[in-house]
Amino acid sequence: MGGCAGSRRRLLDSEGEETAPEPRPRLLDRQGALWKNAMGFWLLGLCNNFSYVVMLSAAHDILSHQRASGNQSHAVLLADILPTLVIKLLAPLGLHLLPYSPRVLVSGICSAGSFILVAFSHSVGTSLCGVVLASISSGLGEVTFLSLTAFYPRAVISWWSSGTGGAGLLGALSYLGLTQAGLSPQHTLLSMLGIPALLLASYFFLLTSPEPQDPGGEEEAETSARQPLINSEAPEAKPDSSSNLSLQERWNVFKGLLWYIVPLVLVYFAEYFINQGLFELLFFRNTSLTHAQQYRWYQMLYQAGVFVSRSSLRCCRIRFTWVLALLQCFNLAFLLVDVWLSFLPSIYLVFLIILYEGLLGGAAYVNTFHNIALETSDEHREFAMAAACISDTLGISLSGLLALPLHDFLCRLS
């Protein structure tokens, strides 16, 4: 077993022939690059959504100080959703013409601008402009960074998703903590201007330059065993810009993506219908928690579930995301019946359901983009990731159209 101590160890390739192992310095360099890219995408996900979560919370605070009406609160929701929706609708058609670095710069500048505008706002209109800038930053960033994953190992999708999940939890906690510690909303926002700077630093200084590489790694065996669901008849090629795809090719790829887009739209529709329309109506009087405290617990448990499941790809992978969509729709129906009939005896049962709701939503997000990365060809992957980004925003938009009127209707009945 021992052999000669000075002999060089060799490996057997797939055909049984001996091949020399990869030199150790080169292997260490590759491992270092993998970790740099993993941390880079985690920070990009964190910063991209962190600024958005913090700024939106602050906008609501400032609107309340400016005595904004209910209609103006609805205007915040529109300013929050519409810019992102427009960006994601147009992204697969023309955003590829713009190089990545300018896109990241625009995203970072818009994020910083949203903090500054909302911090120094003296009117509802200025606050809404801050919300719009944050929406542009978040939407443009998500399209850009998910498209960028096409040029890196697929594992970075898990790291990006985990970062976005952490942003919801850490963003809400940091804003609440700093304001509770005595800082004004203005000073709290100005203290967070480092977040856009960290986003830019992560992209320009932490990520390594994409190199020709096998993006599959440990997942290659799993990929080869699958029958691709998305048209990929073109010869194998290294990841390249999708700007060379014709409109017909884009349409063919998009039709294949519907298998993934539709379930994710349904998940986010049901999820945000619950969050926007039902959270405030799930009120229990047989507890020491006030109405506002109950609502904050719902939000916190939801964000915790999202963070855990968006970080779970290495432990649990789900190919058939339709199952998650059906389970989330069942959650919506169950909680809607409870709002109507009030049959649940304890708030802790609702806590469990809302944690479960977050777990389903986060799992649907990370598994959808992971499956798209596995089952698209290299030349289609960049376009496919950008096109599928519309799913969550479309589901949120549709839920807002129905959840807000239903919420007002149920409030009038109670």
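Glycine residues also receive a Cβ, built from the backbone N, Cα and C atoms like all the rest.
Taken from TrEMBL, the feature region 'Disordered' covers 1-25, 212-243. What TrEMBL records for 41-63, 75-98, 104-121, 157-176, 188-206, 257-274, 320-341, 347-366, 386-406 is transmembrane segment.
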Quiz item: Under 8 Å, at least 3 Cβ pairs, sequence separation 6 or more: does that hold for the transmembrane segment (347-366) versus the transmembrane segment (104-121)?
Solution: no
Exercise. Counting only CB pairs under 8 A, let me know which of 75-98, 157-176, 188-206 has the most with the transmembrane segment (104-121).
Key: 188-206
Self-check item: Non-local residues, at least 6 beyond the ends, that sit with Cβ under 8 Å of the transmembrane segment (75-98)
Solution: 56, 59-60, 63, 124, 127-128, 131-132, 134-136, 138-140, 142-144, 147, 241-243, 250, 254, 276, 382-383, 386-387, 389-390, 393-394, 396-397, 400, 404
Quiz prompt | Positions on the same chain near the transmembrane segment (188-206), where near means CB under 8 A and six or more residues out | solution = 36, 39-40, 43-44, 47-48, 50-51, 54-55, 58, 101, 104-105, 107-109, 111-112, 115-116, 118-119, 137, 141, 174-175, 178-179
